[in-house]
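Presented below is the structure to which this report refers.
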C-alpha cells in the first residue's frame, strides 16, 4: 500500500479559493506539511473532475503525497489515484474494494459508533470521524460528535481515525490528545491567504503535541 500518513490531511474546496489555482494552492499546502490530499468536487462535471484529478495525481505522485478521490470510484480508477473516500450513502465499501484492489486506500465517513464498527469490519483503511466540531463547509452535516466520542472510539477501533469538521489552529491540539491518527482540514487551509504558512503552523502544532 502507498504511504499512509494521515496526520495533516487536506480536503479540497475550490469555492474557498477566490479564483486562485487549485494546483498551486495544493502544492503550497504540501510544502507546508500536508501529508495527504482528498479531491472533493461536488459541483464539477465528470470531465472537469477527471482533468483536475489527473493534474493533481501527477503532481502529488512526484511529491510522494497520496491523492484520494471523494466519492467517485470511476475517477479514482481513471487516474489511478491512491485511494477513495466514501460517505455512508456512497457505493458500498466492499464493492469499491473489489474494483480498486487491496493496495489502494479506502476511507469511510462515520458519525456513529455502529458505523465505525461496521467500517472496520468491512475493511476500511481509515475512518473519517465527522464532524467533530460544527463546520461551515457542509450545510447538511449531522450534529458534531465532539472530542469525547473521538477519544472513546480510539479505545475500541484499531484502524486509523481521522477527525474532520471545524478543525483549526485553536483546536488541533485537542484532536491530537484524543489519540486520533490525523486531522482533515478544509476551510482552515483552503480559505487561508497564505496556505503554506497555515499548513506549517498546523504541522508544528501536530508535531509538538
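Even glycines carry a Cβ here, placed using N, Cα and C.
Taken from Swiss-Prot, the feature 4-amino-2-methyl-5-(diphosphooxymethyl)pyrimidine binding site covers 38, 39, 40, 41, 42, 70, 109, 138. Residues or ranges marked as Mg(2+) binding site in Swiss-Prot (evidence: sequence analysis): 71, 90.
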Rounded distance in angstrom between the Cα atoms of residue 90 (Mg(2+) binding site) and residue 38 (4-amino-2-methyl-5-(diphosphooxymethyl)pyrimidine binding site): 16
Cα-to-Cα gap, residue 42 (4-amino-2-methyl-5-(diphosphooxymethyl)pyrimidine binding site) vs residue 71 (Mg(2+) binding site), nearest whole Å: 9
C-alpha spacing of residue 109 (4-amino-2-methyl-5-(diphosphooxymethyl)pyrimidine binding site) relative to residue 71 (Mg(2+) binding site), in angstrom: 11
Binding-site residues compared (38, 40, 41, 42, 70) - highest count of Cβ atoms within 10 Å: 38
Sparsest Cβ surroundings (other CB atoms within 10 Å) among the binding-site residues 39, 71, 90: 90
Count of other CB atoms lying within 10 Å of the CB belonging to residue 109 (4-amino-2-methyl-5-(diphosphooxymethyl)pyrimidine binding site): 24
